[in-house]
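S.K.: Okay, here's the structure, questions in a sec.
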Amino acid sequence: MPSKESWSGRKTNRATVHKSKQEGRQQDLLIAALGMKLGSQKSSVTIWQPLKLFAYSQLTSLVRRATLKENEQIPKYEKVHNFKVHTFRGPHWCEYCANFMWGLIAQGVKCADCGLNVHKQCSKMVPNDCKPDLKHVKKVYSCDLTTLVKAHITKRPMVVDMCIREIESRGLNSEGLYRVSGFSDLIEDVKMAFDRDGEKADISVNMYEDINIITGALKLYFRDLPIPLITYDAYPKFIESAKIVDPDEQLETLHEALRSLPPAHCETLRYLMAHLKRVTLHEKENLMSAENLGIVFGPTLMRSPELDPMAALNDIRYQRLVVELLIKNEDILF
């Protein structure tokens, strides 16, 4: 007979997992699949196999959602599901409405980041609660920023944290920090190390003595983002703020622009600007002022959504100014 303690623990686990009416229906079907008696042996085999497949798929889903519970200190970033049309092998049930997914091909859609399986029509009603599974997120570079931090359950991308820690531990006095380029082949090695080993990647001085390789890897990460750190949607607001002459109005508009960024992007930008502010405190040694860093990071963090090359070219000076303002006013804006 189970103890009172183990029983209360199981009740807590159930409360964590069963968050919706639909999931309650799934649990009922799961219990039926795992424990019901089905009469004759022949009919048992006929009905048992699809139920067993369903039980496995639903149990996997429930376990995944329970184990991916985020640490309370980690912000709960919203992320939309990355649904793609999918052909399922064998019987499958929708994880939203718990109804059978009929058809032989393209029975529904599957989230490429977390593996959620739903009807195409149900996908429009699924909340923005995608919790990417590491088995679906194969790389670090060129991966959507919010997808990466939710998959690894971190506040910021590991690349940003690890590179900045390494740079601040041994490179703040390096002349031309971020302006001087490192050897491109070694920068590519760092990229592959992060894609292969994640947070276990070795970027220490024993592996890469030249700090410019680490700064190059950090800049490459931001350049490779499919959605820039300062997103396409927020881009016009930042450019407009840079054009304002009045300093107070300019900072107020810039603050409003920051609020339009996705939370994971805003947190990463805040952390980066705080780091670049510390870089400017060593300007006598590294010769990198906020203006110089703006020239380097402007085009790296911001990409114009306009296809017109002339319009994008005209924005370069404002991109530089945006980053310069963010660095100088980091303690006020964030």
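Using N, Cα and C of the backbone, Cβ positions are placed for all residues, glycine too.
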S.K.: If you check Swiss-Prot, which of Thr215, Thr268 turns up marked as phosphothreonine?
M.R.: Thr215
S.K.: Determine, to the nearest whole angstrom, how far the Cα atom of Thr215 (phosphothreonine) is from the Cα atom of Arg179 (site 'Arginine finger').
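M.R.: Just about 9 Å between their Cα atoms.
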S.K.: How many of the residues that make up the zinc finger (80-130) does DSSP mark as helix, as strand and as coil?
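M.R.: In the zinc finger (80-130), the DSSP-based counts are 3 helix, 13 strand, 35 coil.
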S.K.: Among all the protein chains here, how many other CB atoms are within 10 A of the CB of Arg179 (site 'Arginine finger')?
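M.R.: 15, counting other Cβ atoms within 10 Å of Arg179 (site 'Arginine finger').
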S.K.: Helix, strand or coil by DSSP: which one applies to Thr215 (phosphothreonine)?
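M.R.: Once the DSSP labels are grouped into three classes, Thr215 (phosphothreonine) ends up as helix.
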